[in-house]
Structures are given as structure tokens and as C-alpha cells.
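Enquirer: According to TrEMBL, the protein carries these features:
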type: REGION; residues: 1-40; note: region 'Disordered'
type: REGION; residues: 76-100; note: region 'Disordered'
type: COMPBIAS; residues: 76-88; note: compositional bias 'Basic and acidic residues'
type: DOMAIN; residues: 172-498; note: domain 'PDEase'
type: BINDING; residues: H249, N250, H251, V252, H253, D289, D404, Q455; note: AMP binding site
type: ACT_SITE; residues: H249; note: active site, proton donor
type: BINDING; residues: H253, H288, D289, D404; note: Zn(2+) 1 binding site
type: BINDING; residues: D289; note: Zn(2+) 2 binding site
Amino acid sequence: MGNCIPKQDWGTPTGDGFTDISAAPRTNSKVDAPPSNPNEALSYAEHVIGDLLKGDVNDDEQREALQQVAVALRRATADAKNPSREKAANGTTNARLSSHPKDILNKNVGEYISSQFDNSQARPALAQRRKSVQLSENGELITTAAVPTASANRRSVIMRRAGVLPPSIPELEDEEAAELEDMLKNVDSDDEFDVWALDRVTGGNALVMLTWHLLTKVWKSCELLGVNETKLDAWLHRVQQHYVDTPYHNHVHASDVLHLTHVYLRKGLYKRMDDVEIFSLIIAAASHDVGHDGLNNAYHSSRMTDLAIVYNDISVQENGHAHRAFDIMNSHAECNFIDGLERDFTSRFRSLVISNILGTDMVGHKTMITEFETYLNASDDGRDDTVALPSAGFLSKVVLHLADINNAARKWDLAEFWANRCLAEFFNQGDMEKKLELPVSPLCDRSTTDIPKSQIGFIDFVVMPAFVQFARLLPYAQKCVDRLNENKELWKTRDDVSQKAKLMDAHLPYQSVAASA
């Protein structure tokens, strides 16, 4: 296993698979008192887990052995501090990467120990006993993922060791793991990447998987900014759980918006943002609708719900989403992935996330696009760097908002699919408003709303003007403008009766609808 210190230095394995460490050359030879020297403690921890993986032990023995590892790592990292960060010459924030053992505090224990193996050395037994392991702030052991079944394959195990599979997602079967690998290769494509297929393959964990992949593998934000990956995964898991299973505003919609946000960045907008802004934008996209109950702001205000009262009828849902995102982080220590980082960073991060989420309120759409157009006119379509944006973080706010309304600009079958889900949710609200004798919100009355005409109006007055301006800054967005024109013509050929009949299938995943078409 490539130990830093030869195995025999720490004693010899006993018959039960554990190690008799009493013969180890240490001052304190007790099992519950690993060496305090960082390098020795990590070697001790590595050795214990190596024996644990080899031997057949019961749950109590396994728990005791892992507690020993927890103690060893806690001692090795007792004086650890979060990686310091420095401003690079280009204005982006980067982490000073260190190979010192004490930096292991911010890594998943299982991930660190697994890194001591080559992929070719993976053992089938590992798939049967693997657990996601992390340390709490006081050094106690926390298990966050279920033990995989014996059928979990080596490919999935290797993916977790490589950090591709986050701790909170259970091991995948062989076929699923291979499919996931292929999917992630297309993450930069707006047409070839299917968030519904991702959700199926990962067992309903599309949002966790996609956000994790973008932040740890694509943009490497966690590495650059010193963000605790284990706590990030725990936060993502809770955020995904807090999404409600509504027809439209669910965790798959959030994954879709997140993916489009990433595509816009990849097509060139990343050059206009620093690492903190990119990280904040991705976190905001992942959580921008968390807790959405399928009812719009007008409904909450009319009903004087608790949410409307708390936020005084101002961006009721959006304020609620931002609050929930940070409340999860603040209420659960294991989810606070920015805890201990520099105040300047955390303050800016929080400000950007809140601004981005609040920017998804359609009430501010016209003002935002007008300000955007004014900036483009003054800056020669963004080419003049001397012209400032309307406000700090303005561009990231525009990016998230446009990703949120981009459904009308997707390839036709997907545009129609999302439109049907959105209208199904609107009509559910309209039915409730009628029952409560409240004014029915616009587009929410199933008896008077013409679906094709509503989509044509949405394209003409909302989406098209916004993307025409966006294409001035990002040439890739001209594809969206062209798609909008194509889809508008297709909507003209549809009739309302046929479209409303399709709402019967609005609850089905995208693959099922496409397959039955």
C-alpha cells in the first residue's frame, strides 16, 4: 500500500485482521493513543485501514478501528489551519496547495487512504465494505453514505477514489458507472448533455453529481479557494433534499439551469469572471429554487403566507431560496463548507450568491435587460474594458437569469417538454386560487390560457429581447436566438387542445416522453 513507514514498524497483524501495535516504537503504546507526530500519525492511520480492508471484521471492530483512525488524523491535524489564499496578479483568488499531512483535514478520509492505492490494485472486497467517511469538527467519525451492495463494481469504486463520485452518492452498478463517465464527457454541450438521464443514472442525485463535478473537476473551485469538499457534498445533499417534487421547480430544473450556466461560462464568459465569482455563480445556480413549492410570488402575497409576511411581499420565493441555502449551511456544521475561510472571501461569496438568486425574480427582468443593453452600447459590446458594469457581480446575475429562462431556446422537443411542465405547475396553482376564491394569476387559468400563444408571447416579449442582447456579448448565444425563431414557428403550428392533452404526461421524465413520441 505504499506506506511512508514500513508496516513492521507498527507491529504485526493479529489473527482477527487488526494490528498489534504494542510493539510499535512509540512513547505511548495504547491503541487509543496514536502518535502525535503528523507524519507518523498518518502512517499509523494508513496502516490501520490497510489491515481493516484486508481482514474479515465485525461491525464493532470496524467501528473501533475507524475511531482509531479518527484519533490519529485528529492529532495529525490538530494545528491545521485552512489553506491561506493569496491574490494572483490577474485578480483571481488561488489557494496555496500543500502536501503537508496536516492539510488532509479538509479531505475525505476514505479518499485520502484510497489515494495510496493505484487503480489497478483495487480489491473487490472494498466494494462490499466501503463507506463514505468524514470527521466532524471535534474529530468524531461521521458516516454519510450507505454501504454499497456486493454487486457494486470496481469501476464505481475507482471513480470514488478518483473523486469523481461524491461521498453522498452510493456506489453505482457497472453499466451505470460507465454511462455516467460518458455523460460527464459531454458536460460542455448544451444539446448532448441530458440532466434527466443523469438523474436516472445517479439514482435521483443529478444536482449533487453535477455541482460536485463542476466544482471539483471542471472549475476546480474547491482546490483554488480552499473549500472543504466533504462539507460541500453534505450541503449539496441537503439542498437537493429540500427541493420539492413539483412539476417544474424541482431539483432537475435546478440541474438544468446549472448546466446551462456552466455552458455559458465555458463558451467564453469565464474570462470575465474571477474564481470567486464563478464559484458563487455555480452555488447560486444549484440552490436558486431550493424549497420552491410550485406557487408564485403573487399567490404567496395574496394568501399572506408566512413567507410573504417574512419578506414583506418582496421577491418572496427568491428571498426564501437564498435564506434556505445559507440556513442549511449555518444550521449544520457538517454542511458549512466556507467555515474558517477568510472573512473577505466569505462576505463576497455570500453577497454574490444572494444577488444572483434574487436576480431570478421576473419582476426585475426588464430593468436588468435595459441596464445590460446600456452597458453593451457604451462598451462596444463589452470590448471596452474601461466601461464598468452597472454593479459588482452584474454579469453573473444576468447569466443565471438567462439560464433560468432558456427553456424556450432549447431544441424543440426539450423546449416543448419544459413548457408543458411549467404550464402544468401554473394550472395547478390556478386551480387552487379558484378554490380559495382568489384572483387567478396570469397564465394560471387552464380554461382561458392558450398554451401555444402563451409561449409565442413569452418568446417575443421576454426571452428574445434578452438573448439578442446576450448574443452581442457572447456570440454563442446567437444559437439561442436562432432556436427561438425556429421554436416560435413550431408553436404557431400547435393547437391548444392538443397541447393541453400532453399535460397528462407532464409528470414523466424527459426520456419517457421522448420515447413515447
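For all residues, glycine too, the Cβ spot is worked out from N, Cα and C.
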Enquirer: V252 (AMP binding site) to H288 (Zn(2+) 1 binding site): how many Å between their Cα atoms?
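Expert: Taking the Cα atoms only, V252 (AMP binding site) lies 12 Å from H288 (Zn(2+) 1 binding site).
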Enquirer: Quick one: Cα separation, H253 (AMP binding site) versus H288 (Zn(2+) 1 binding site), in Å?
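Expert: Per the Cα atoms, H253 (AMP binding site) and H288 (Zn(2+) 1 binding site) stand 10 Å apart.
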Enquirer: AMP site residues H249, N250, H251, V252, H253, D289, D404, Q455: biggest Cα-Cα distance, Å?
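Expert: The span, Cα to Cα at its widest, is 23 Å.
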Enquirer: Hey, of the binding-site residues listed (H249, H251, H253, H288), which one tops the CB count within 10 A?
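Expert: That would be H288, with the most Cβ atoms nearby.
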Enquirer: Tell me, if you would, which residue among D289, D404 (binding-site residues) has the fewest other CB atoms within 10 Å in the structure shown?
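Expert: Candidates: the binding-site residues D289, D404. Fewest Cβ atoms within 10 Å: D404.
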Enquirer: Give the mean pLDDT for the domain 'PDEase' (172-498) on the 0 to 100 scale.
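Expert: Mean pLDDT, the domain 'PDEase' (172-498): 97.
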Enquirer: If you skip the near sequence neighbours and keep only those at least six away, which residues in the chain come within under 8 angstroms of N250 (AMP binding site), Cβ to Cβ?
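Expert: Set apart from N250 (AMP binding site) by at least 6 residues yet with Cβ under 8 Å, we have Y243, V244.
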